[in-house]
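Here is what Swiss-Prot records for this protein:
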BINDING   S52, R55, H139, K159, Y168  CTP binding site
BINDING   S52, R55, H139, K159, Y168  ATP binding site
BINDING   D64, D66, D116  Mg(2+) binding site
Amino acid sequence: MSEVEEVLKEAYKLVTPTPEEERKVAEVGSRVRQWVSEALAGVAAEVDMYGSSARSTWLPGQRDIDIFVVLRDRSIKPEDVVQTLSRYFDGVGVPWSLRYAQHPYLSLYVEGYEVDVVPCYKIAPGERPITAADRSPLHHKFLSERLSEDQRRDVRLLKLFLKSIGVYGAEIKVEGFSGYLTELLVAYYGSFVDVLKAASGWRPYRTYISFTESKTKFKAPLVVVDPVDPNRNVAAAVSLTSMSTFVLASRRFLKKPSLSYFSPPEAPALGVNAVEVVFPYPGESPDVVWGRYKRLGKSLYKHLRECGFKIYRWGVESDEKTYVSIIYVVEDVELPPYVLHRGPPVYDNAIDAFVEKYLREEVVGPFVLGTRAYVIKRRRYTNIGDCIRAKLGGGYAIRINQYGGGLVRKTPWLT
């Protein structure tokens, strides 16, 4: 048995649900299907369970089930379906919450499981979907016909691998690999190991995966054409960083296999400088919040650099309940009061404006080094907190050198 096979033998144990878990998922899914069918009696619709819970590609401990209401009559609005279902579940005492994607859907809470009940329209292969959810029945059919039992096990293994390295999930928080994309990769390449072998050779903007002879053009680091919709790139959410992280992890696992790629150990925090800007969590959907604070983080990153602070890395973290924070790992949190500022070459027409500007200010210079003019001038901000406060309004807290999260730790899975 090879070293890779020995590690996978142990890793398979981590992704194999117990018979009790499988029984419970099937039981809860069947019960909710019956409830929904009863609530929508007389409506031209098919009610079924799709997604990973229906294909046995879910990870142990996962508490999510997807039930779809596939509407055959396009005059029926998803909003009306949701309203009918909400009244029914109020009547039988099942707790629920209203969620939104392109249209509303319900999340039920049944015996510790979160069951999403999603209306969609019935479409034929190749037909343009009305909503993104309309593709789900076709996705289920495509994968159910192609994935063997061993491949379904390998899908679970690949999901855990991606989750452990931090790139599992297509939501804005992660910008990584969706569950559907993970299943397509195993279906396309054949096995977990074959996916990693192929990914080791992927190159951004030059990797194009299609089950057909599709010639549709996409501009993205990774392209995986949806086999049921050739105009859609299933990998559109995968960022350059997430793709590159997966390529590195694939190469290193094949070179030096370890269970750490499936169960990362705890890594100690190092004493590097870090500043954390902490905001109260707003009452909005996670995708909206993550998108907003990633944009704010990028803007603040540029501002900090303009202030003279060297940023090693940065990121956004949140518990999606009480706080969202932007963290910057920096070289220094305090800068010296003066900085060398480079001007134009003395042979450039802009030199006169540079000299006249700094003759009116308190500086050292202007002086010439080589062909350029320079001055030594006072910084506007020397403290990183002052620089941040100049950019932002109120409603946040600044914590300096109190952060101990993943951005200041050794990568725990890498071997």
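Every residue gets a Cβ built from N, Cα and C, even glycine.
These numbers come from a predicted model, not from an experiment.
The structure, with features from Swiss-Prot marked on it.
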residue : record              : CB count, 10 Å
S52     : CTP binding site    : 24
R55     : CTP binding site    : 18
D64     : Mg(2+) binding site : 16
D66     : Mg(2+) binding site : 21
D116    : Mg(2+) binding site : 18
H139    : CTP binding site    : 20
K159    : CTP binding site    : 23
Y168    : CTP binding site    : 22
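The two recorded residues, R55 (CTP binding site) and D66 (Mg(2+) binding site), have Cα atoms 11 Å apart. For D66 (Mg(2+) binding site), the binding-site residues whose C-alpha atoms fall inside a 10 Å radius of its own C-alpha are S52, out of S52, H139, K159. The separation of S52 (CTP binding site) from D116 (Mg(2+) binding site), Cα to Cα, is 13 Å. Cα-Cα distance from Y168 (CTP binding site) to D64 (Mg(2+) binding site): 16 Å (rounded to the nearest whole number). Same-chain residues that are not part of D64, D66, D116 yet have a Cβ within 8 Å of the Cβ center of the Mg(2+) site turn out to be G51, S53, I65, I67, S107, E114, V115, V118. The maximal spread of the ATP binding site, taken as the longest Cα to Cα distance among S52, R55, H139, K159, Y168, is 19 Å. Rounded to a whole value, the Cα-Cα separation of H139 (CTP binding site) and D64 (Mg(2+) binding site) is 18 Å. When secondary structure is read from DSSP and collapsed to three states, D64 (Mg(2+) binding site) falls in the strand class.
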